[in-house]
Amino acid sequence: METVFAFTVVCLLLFSNIVTHAEYFNNCSPGLCSDPPSHDVPERCSCRPDCYLYKACCSDMVNKSTSNQKQSYPSIYYSCRSIGDPYDYDTYYYQFDRCPPNHGVMEYVNNCENPDSNDQLLNTPAFGKTSKILYRNLYCALCHGEEFILWNLLYGCYSIPKVSFENITNYLKEGDCWPGVKPPEDLKKYLYSCIPFISSCPEDSNKEQTVACESEPMAIIYSFEEFYKNNACAICNGVFAPCFEFYITFAYAEISPPLTILFYSNTNSFMATYTQTRTNRTGVLRTSCPNHVVYDINTNQCRQVIYHPPLNCTSTRLNESEYYITNDGRLYLNNTQRLLNQSEFTRDSQGVISICVNNGTNNISNINGISKYSVAESYITLVGLVISIPALAITIIVYLCIPDLRTLPGKLLINLLSALFVAELLFLISSQVTKFTVLCTSLAVVLHYSFLATFFWMNVMSFVTWNTFSGLTQVQSKGKHTKRFVLYSLYAWTCPLVIVTVSLIFEYIPGNHGFSPDYGNGICWIKNGKSLLCFFLIPVMIILCLNIIAFALSARGLYLARKLSSKYLSKHNKLEFIICVKLFFVMGLTWTFAFLYTFTRIEEFSLLFCILNSFVGLLICLSFLSTNIVRRSIFQNLQKIRDISTKESVDVNPTHNT
């Protein structure tokens, strides 16, 4: 029964990752603020007090907003653009992305309307300091004559346990990290979300329809994967019966993160959170630069970006260590090995050098890749756990049902597999409850305890195995076995409890001590890198070191035992290999690949760790249930069932004949 329940749970988790949802979206009535909101369906119009600015008001808001409003923004200056994933409608905002006609500074016009996609600065949005208008970049703000406030620059990284200002450059060049942007927290309220829709009719359309399309209030219509401003715009663009369409959404639930996140940690220089994309989970790393400055990967430092009139460009100041003046008066940049002519830099009265940002200081190349195994690891983890969890349940049930397996090692294995079963099940569930703060926090605490308990039980198994093969253990009575089992249980269940209790104390005591685990903040696990190191990674590392020593000594004991009995050498070779494989899994040596990846940065170690530990339940099930004892017991039980059914048949037949 337990196996069926576990299998049902993991199957529901697997198939709940993609949910198709259909909503009746279109109707011929005007868009109203009184319309009830629909699940995951875009709003047909806006009810914001400033909706008139982008001509997005619902019908019942038009009259309310016209009495005390400024003039609407000219539509030739702005458009609905995505900042990030163009397939995610939550990333679309109205942005000023065009300069006024006949603007005099062509540098502004070109960089605003046709920015270089490889230049991070030109792809960083900016708010107008006074108007709070969202501009496509700082040049769009400059060509509208306004000072700007740049968005914060972030770096998304995957499977990188420790990132700092010193090594971020290498990760960017290797494609392990990539840039992103985030608005300042105090200016988020000025963002105006939108949907890219068609708001005009073709040139050969009926004049009446064209006027209706342009003048009627917004009431978004959806048809054939296109959005239209209102019913008139849909009709003039050839949409037949636009009022009878369904808007179908695909709700992508959280894909289980790879097991490698258990070993992620961060430093004080970066804040790590985890955000869901359609195919992978990533760590978003935000630089600790102050507001209104950007991070320069060439110098690994924050820089203030200013407008410098003599250069007629956006410039930044240099430190003396970053350059030197050549004999012919040119400027040599140490970091980029570039030579600048005298017209490309200025020196103020205090001797400070300023250069244009396009001349090499804030140069971030085309970096948008992720770790090459990142997506694969997420799906390997999901599929592996879905298979491993029922396999663990089956193994536990078999060991509980067969008396010959309920020896001291058998009981220890049952406890180990039970802790691992709970840990893997909670890890699989964790990605589905990140939005529920209290539940996510509670789950993170129990998950922390379960994984620690798993490692401590692995340590017990390692000690017992070494003790057995070393020849130190003598035949003991059943009473002594029970006493030893109780002591092992106290050790393996209590030590993790002590560690988790201490971490909870640091979680809730006041003060900025830096050791708060920060359970369940964005991910149902330990968020704080320092706490993760002290309360999880170091204990696990110590246990794994002890288990490696025990494995080596146990393998040596096996080798010596084989040498003493060479009559069936080939058979002993095979048996010795099978035993070593079992020990490799129950001692948790597969987890050493996570530390190997952490120290060597060889991505294949990360992939190997993910494969072995995702499918560890299946591997344990196959190796421990493929024994003569299990096969003999299953055969005997089947024989008993057959004998009972035969006996019942014999008993029934004479009665029937009578």
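All residue numbers here begin at 1 and follow the chain in the order shown.
Just so it is clear, glycine is given a Cβ too, placed from its N, Cα and C backbone atoms.
Bear in mind that the values here come from a model prediction, so they are computed numbers and not experimental data.
If you look up TrEMBL, you'll see 377-628 marked as domain 'G-protein coupled receptors family 2 profile 2'. According to TrEMBL, the signal peptide annotation covers 1-22. What TrEMBL records for 379-400, 412-430, 436-464, 485-509, 529-554, 575-599, 605-625 is transmembrane segment.
A mean pLDDT of 85 is what the model gives for the domain 'G-protein coupled receptors family 2 profile 2' (377-628).
Contact between the transmembrane segment (529-554) and the transmembrane segment (436-464) is supported by 3 or more Cβ pairs under 8 Å, counting only residues 6 or more apart in sequence. Just going by CB pairs under 8 A, the stretch in 379-400, 412-430, 436-464, 485-509, 605-625 that sits most against the transmembrane segment (575-599) is 605-625. For the transmembrane segment (412-430), the partner stretch with the highest count of Cβ pairs under 8 angstroms, out of 436-464, 485-509, 605-625, is 436-464.
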